[in-house]
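Undergrad: There's a structure below that I have some questions on.
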Amino acid sequence: MKITDLAGSNFPELSAQLKGDAATIEIGGITADSRQVKPGDLFVAVAGSKADGAAYIADALSRGASAVVAGTGTPAEAGAPVFAISDPRRFLAKAASSFYGRQPETMVAVTGTAGKTSVASFTRQIWAHSGFSAAMIGTTGVVAPGRTEYGSLTTPDPVSLHKLLAELADEGVTHAAMEASSHGLDQRRLDGVELAAAAFTNLGRDHMDYHPTVEHYMASKMRLFGALLPKGSPAVIFADDQWSAEAIAAARKAGHDVRTVGRNGDFIALKRVEHFRHKQSAEVHVGDDIYEIHVPLAGDFQIANALVAAGLAMSTGITAKAAFSALERLQGASGRLELVGQTKDGALAYVDYAHKPDALANVLESVRPFTTGRVVVVFGCGGDRDKGKRPIMGEIASRLADVVIVTDDNPRSEVPEVIRAEIMAAAKGATEIGDRAEAIRAAVGMLKTGDTLIVAGKGHEEGQTVGSVTLPFSDHAEVRKALGGL
């Protein structure tokens, strides 16, 4: 493929530089990591939070890069094909899309602070129950027929993403649901994906170490509607969040077919919910039709996630009857209010990914209706991340749980004792146990009939990062081990 094919009509400032010999440059691959450059590759130099790709242009050229695309103002390399444009990140995404050239026919993306993984997972399951070969891409990795791969990023980099989409298409996958993180949207990682529909779940405090304000955080998420979703496409929005009105306004301004779901929804209207220990039932209205739905998962927020997923499925050709029928067979996403086991006395032990204030509040509130005893929570806060949320989460835990144990959760380069102290300052009556495994053992050991334990923060993760080293650690495994020792 020639570099002119990648520039196309989307990047006239690049096309204007591709004259003479430059127009004939052949591209054998694309990367934004100079260490991965192979002879004939195109190196796209993007500025990151820790390093600027422009500093590695010489390294990329020495490894055989056939050309370099970098940001405006990048110094020219003598005799080297270095082309400067205003938005190399967007070019990287579009170029990766053009280079790999294939994706599943029906793609949807979901953004929001919480619920992205569950919505993507549920949408995939609804499609699959309707007979389609379907995949999901997100925080827990990739799930598709014949493959389950753990991933570390909610939204992969553009090159990895489009390579994956091409592989899925070649494997016969026709439908795919993916998470769209604020980082991924802000960094243009999804700009080359062709979407059939998109969704918004909610907005709460998160990534304040990256976004200067919550308004910037919301604006990054709204790029999904304003820049990526084709005009006139369905935009499914959860209607009961404090930021729903802003999301609806953004989607309407972009010219989309807005479809709201929830208690205030007009596409899928939630009229009644009954909570049970391991399941929920609800009445929903779609137009003049009334449906009784059953979701085999605990937690009010899972009803919200299920409705958003049903909205996406219905917006991509699935009937309401088929979508709601599929909800009865849902399997929860790994580490999302996942029941790991119970004591001999029947106390339940869950693992949940809640690592931000709203998510912690949601999960603690969700288990209260079926908890006849005490709600016990074990949690911590990550190092080198938003420090402002630590006392907020401490207050939430002490207010909504009966027993709180504060422990470590990926302290990274920070001093664990300092992180715990910042949480404990607002966590009235909490117990501090730094060793996470010991904290889990202590929590399980105190459980009585009717109690519910939530081990929050890690969910599906299988490591504890201390300093620069990630040590093997699984909340699931530690909970099972503690239950087995009773």
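Even glycines carry a Cβ here, placed using N, Cα and C.
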Undergrad: Select from 145-148, 409-412, 457-460 the stretch of residues annotated by Swiss-Prot as motif 'Meso-diaminopimelate recognition motif'.
TA: 409-412
Undergrad: Of R368, R374, R385, R480, which one shares the meso-2,6-diaminopimelate site with D409, N410, P411, R412, G457, E461 in Swiss-Prot?
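TA: So, going by the record in Swiss-Prot, that would be R385.
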Undergrad: Pick from D409, E461: which of these binding-site residues has the biggest number of other Cβ atoms within 10 Å of its Cβ?
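TA: Going through D409, E461 one by one, the largest Cβ count within 10 Å is at D409.
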Undergrad: At the level of the C-alpha atoms, what whole-angstrom distance separates R412 (meso-2,6-diaminopimelate binding site) and G112 (ATP binding site)?
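TA: R412 (meso-2,6-diaminopimelate binding site) and G112 (ATP binding site) have their Cα atoms 25 Å apart.
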Undergrad: Can you check how the pLDDT averages out over the motif 'Meso-diaminopimelate recognition motif' (409-412)?
TA: 98
Undergrad: T117 (ATP binding site) to D409 (meso-2,6-diaminopimelate binding site): how many Å between their Cα atoms?
TA: 20
